[in-house]
């Protein structure tokens, strides 16, 4: 298998895309055979995106009361959780958190809201005002994740200064009905297309450990390749009490790393970040993400769960002799 991996690596570096069948073969590797996979995934990453690390941070700008029934989500109105519930925060709060994110070393800052979408009145106006101020007052790059949007909203965000629109597919099309039944997968795909049409970059990934099969992870990666997204956040389920998946078993650290490597093999030139759930799922192997193909991570807190201190992540990078890159590079 090592010879096969080496041959695939050469083809990928020369600009060829691996096939669905080849990706499935890689997904079946296990045990010590995974180490050569991590090694070549790292080589591919360094060839296409270098060895620097992209750091991002977010604000949960509007929390809870979401009408969607995503099985993993603490903010769904269909679940009874301890997640905070509040309306869209004010402009000053969004800007202040951007300053804090920049202070912590992030180069990209995401404004995230719960719900299917935002309204085009006061909510959109407030977010656009905040984005303009963030552009004026900081050196951080603003992004937004506001749910399903239409072209008019996408243009307004682009005009305000939003660099990247974030919208996850969450999982493979074939598994999506097991995760969410309140909207269709194609609506998420269309949002990605709309954001790109408006001139924004697109950050689009998903969450693993929902009960999907490893071949379905490959399926999702191939969909992202077809959509030609710019960056891919990989999240790993941190089961929240009160959600449908509260009793789910975490996937192993090695399976997390294998998933990262698979995505790098399928999406060689994309920015791939490991975000939510890394502390819970990777545990002592968190630092290995950067040697399995990841090129970034989120620092600070997540939407409804606490991340570790930014100082700890900076120490991790220092120990690995890695430095941070600007997300616009």
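Quick reminder: no glycine exception, Cβ is built from N, Cα and C everywhere.
Quick caveat, the model's predicted, so the values are computed rather than measured.
Database features (Swiss-Prot):
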type: BINDING; residues: 66, 70, 73; note: [4Fe-4S] cluster binding site
type: BINDING; residues: 143, 203; note: [2Fe-2S] cluster binding site
type: DOMAIN; residues: 48-278; note: domain 'Radical SAM core'
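Positions of Swiss-Prot features highlighted on the structure.
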residue: 66; record: [4Fe-4S] cluster binding site; DSSP class: strand
residue: 73; record: [4Fe-4S] cluster binding site; DSSP class: coil
residue: 143; record: [2Fe-2S] cluster binding site; DSSP class: strand
residue: 203; record: [2Fe-2S] cluster binding site; DSSP class: strand
Relative to the mean position of the Cβ atoms of 66, 70, 73, the recorded [4Fe-4S] cluster site, which additional same-chain residues have Cβ within 8 Å? 68, 69, 72, 74, 75, 76, 78, 79, 114, 180
Of 66, 203, which of the binding-site residues has the most Cβ neighbours inside 10 Å? 203
Residue 70 ([4Fe-4S] cluster binding site) has its Cβ surrounded, within 10 angstroms, by a count of other Cβ atoms equal to 25
Rounded Cα distance, in Å, between residue 66 ([4Fe-4S] cluster binding site) and residue 143 ([2Fe-2S] cluster binding site) is 21
Other CB atoms, at most 10 A from the CB of residue 143 ([2Fe-2S] cluster binding site): 25
Cβ neighbours within the same chain of residue 73 ([4Fe-4S] cluster binding site) - under 8 Å, at least six residues apart: 66, 79, 240, 243
The rounded CA-CA distance in Å from residue 203 ([2Fe-2S] cluster binding site) to residue 70 ([4Fe-4S] cluster binding site) is 19
